[in-house]
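In what follows, a single structure is set out as structure tokens and then discussed.
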């Protein structure tokens, strides 16, 4: 469905949450945030996901990333459900806020509606959507999963690392990249510019085409 996507400014919505009223742009501030939706409280896959989010909170804190959840259940439902989440994974405290969107207007604006999943009243449910939003309030990366597939927190962390590395060093990250591994130099950077920008040097792959577009370097 059309809607919020990479490069768009996230709507500055204000919603009730488990931490009181939250205005999204104020919550972002000058940091990255992970804005994620879940189909419903007191459901099995969502319980495992939000418990994992809580367990990874320290990893996100290290990277200066804040978590912000949203679903269509009301705030009291969220608060009651958190007790189950924390009981399921003792030690994983849900310290991040979860916003309430019973009208479903926010999830529509955030492009988080699952077209195939509905509640008992026929109302659309949120998908397992996740937007990584940058300090400029723009969506940097989005994941969209169906209700039957839980998200992979290791991949979310890896994506954050890749985005922050790319932004800091003006590079790109190749397939399956992890921190400490080589990055690639974007094709818009000439070899002369690359020599200045990356004094540590770079390697160019020897390809049959003879085109020197695949260049690897290391960054700190």
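Every residue, even glycine, has its Cβ placed from backbone N, Cα and C.
On a predicted model such as this, the values are computed, not experimentally measured, just so you know.
Swiss-Prot lists 4-165 with the feature domain 'Thioredoxin'. Under the heading active site, cysteine sulfenic acid (-SOH) intermediate, Swiss-Prot lists 46, citing similarity to another entry as support. For 195-218, the entry in Swiss-Prot reads motif 'Bipartite nuclear localization signal'.
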Check the residue listed as 'active site, cysteine sulfenic acid (-SOH) intermediate' against DSSP and tell me helix, strand or coil, would you? helix
For the motif 'Bipartite nuclear localization signal' (195-218), what does DSSP give as the number of helix, strand and coil residues? 3 helix, 5 strand, 16 coil
Residues that sit under 8 angstroms from the residue listed as 'active site, cysteine sulfenic acid (-SOH) intermediate' by C-beta distance, when 6+ apart in the chain: 38, 39, 40, 71
